[in-house]
Protein chains: 2
Amino acid sequence: MTTPMLGYLDTKFVEVMDDTVALLRQVFGTKNRLTLPVSGTGTAGMEAALTNVIEPGDGVVVGINGYFGERIANIATRCGGVVTTVEAEWGTHIRAEKIAEAVAKVSAPKLVALVHAETSTGILQPLADAIEIAHSSNALFLADCVTSLGGQPVDMDARGIDIAYSCTQKCLAGPPGLSPISFSERAVDVIRNRKTPIQSFYLDMTLLENYWHGEKRSYHHTVSMSMIYALREALRVVLEEGLAARYERHELNARALLAGAKAIGLQPAAEDGYRAPMLTTLRIPEGIDDTTIRKRLITDYGIEIGAGFGIFAEKAWRIGLMGESANERNVMLVLNALEKLLIEFGHNVETGTAVHAASQVY
Amino acid sequence: MTTPMLGYLDTKFVEVMDDTVALLRQVFGTKNRLTLPVSGTGTAGMEAALTNVIEPGDGVVVGINGYFGERIANIATRCGGVVTTVEAEWGTHIRAEKIAEAVAKVSAPKLVALVHAETSTGILQPLADAIEIAHSSNALFLADCVTSLGGQPVDMDARGIDIAYSCTQKCLAGPPGLSPISFSERAVDVIRNRKTPIQSFYLDMTLLENYWHGEKRSYHHTVSMSMIYALREALRVVLEEGLAARYERHELNARALLAGAKAIGLQPAAEDGYRAPMLTTLRIPEGIDDTTIRKRLITDYGIEIGAGFGIFAEKAWRIGLMGESANERNVMLVLNALEKLLIEFGHNVETGTAVHAASQVY
């Protein structure tokens, strides 16, 4: 980020842009031409995805099993979409049959949207059946990959995801500030055939496409060079490690964390078989005060873990092991700290139990 | 920007946010509570300003004497506004009588919008009469201060500007990536009394207000810590110099640049008496090729000047002297380089004329 500024149309900067897009395509697993970082954080990417394809009156099916599914439904409604929700209990995945039922009820659905990894619950949502359901109804399929990209396979082209977006500060391990996004040719066709104007100018992909991919690069807005430099470097680091190795590393550390947590009586809040490795949710045991523990983790150990969102508020902790932070050292640090605090607050556990259990996983 | 990351609700980071807002208020010249940096570049600020106050069917009067006035009209239309434009020739200011006429034609206008300093033409638009006209029709007054903030007085409260937004990379001299924005209490009332939802979630000021100013800071999106650190530092530098001194410095260097330019036959493209000091537009003389000169400036002298926009394409150059770059050294460098190139391409000027004329201003 300390690389000197260049003009937004400087030929040297255009090379940086092209580089960044080429790296993004590899991480998204796509050949999609319309791939770029939106100049805003993850929520800007969500809004860009929805506002470009939804027109007033369009039927949109949104899966909700946590906070970010709710946000998709909120934004889709603001875009004029007529939203049908498919709800599942927080901490569980959304079953394909329920998605099929919802899609069947909507005449000519435009879009089916699911959150790939729900940051509020730690669920990794299976996508294959939902994609087939969406496509067989001629709808586009959108996956919110804010938390998954770089930590679990997104594989847009192999899976047939039409629209995916993410952020820079989770499993890509860069600073926050941009939202990588990608649209399939089917999604681009939908945008080109709109009957109404896109309600946002800032997020209008037909204009952003000219700036990022046009033969003649047309000014749209002054992008943040520093953020793009940072994203490019983060993507290089991701690909230097290799996607497969990176996914495995996230899984390995999540297994170790969970083994240690279970050994000291902390139970996972997310359904078995559907757990996102980059975000582990643990139920807070009876008699343990949420805020006290999180504050002590920060002040005594320099460790920040996430508070529960929504129905998980004060009921569960969210422990992120994302990007470079998904490593054995961090797993051991947080387990040791949690164990000590639980013992202090009356938990009957032998010292070293958590770390011992975790170390057996490595 | 290399300051380590903090969580978006970390108490230490909340202090940085509060600091940044307090500094922004000083630079905007306002006590407005709803003052914050939007997580996007200048155009995101423009869109935030318009999308929060305009509802479908609202009458909006927009002054257009350059590229960015056109952009305001474009976005206001996408928000559902019924736009009446007040046009003036590029390179001239918009006369108050014409604004009054346009406002009189609109029944219950919601908003009157002008660009304070038009980056495409170098015009600094007088605001006082237009503000009076807007307020006497019970409309809000919006000023696009993307290019003016930090380089010329904005003075929101003293002037009665209801909505102003800017960017970080012009006269505030930070990296691009955020858009400072401020809303008066009158504008906040308009937002609170909307009958329809704000079409953008990402730019919804009622939600952003809770994150930036709420008693309990509510998560809205993950802001870019790095960008906020950078903006805070840029604002500190602005106030360390002092606003009055900074405005004078911009004026002094613009006078010197123009004196040198005129001495070698380069005429200003912006109307006398209405020139923005941070951006000087010069007509390209007959027989001189725009692109050749700009390319040679970059390759031989390491100086980038702006190409003409719209009707000024290939007809005028735009020379920015903004923030820290508004200094005597840069004035002398660009004048000397332009003079040498003009001589090379057949202009009949004695070497040293431009620098001599400019030096007499200092």
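For all residues, glycine too, the Cβ spot is worked out from N, Cα and C.
Any TrEMBL annotation is an automated prediction that lacks curation.
Look at TrEMBL and you will find B:10-264 tagged as domain 'Aminotransferase class V'.
Counting every protein chain shown, 26 other Cβ atoms lie within 10 Å of the Cβ of B:Lys170 (N6-(pyridoxal phosphate)lysine). According to TrEMBL, the feature N6-(pyridoxal phosphate)lysine maps to B:Lys170.
B:Arg318 (substrate binding site) carries a strand DSSP state (E or B). Counting Cβ atoms from all protein chains shown, B:Arg318 (substrate binding site) has 20 others lying within 10 Å of its own Cβ. Annotation comment: TrEMBL describes B:Arg318 as substrate binding site.
Taking CA atoms as the reference points, B:Lys170 (N6-(pyridoxal phosphate)lysine) and B:Arg318 (substrate binding site) are 14 Å apart.
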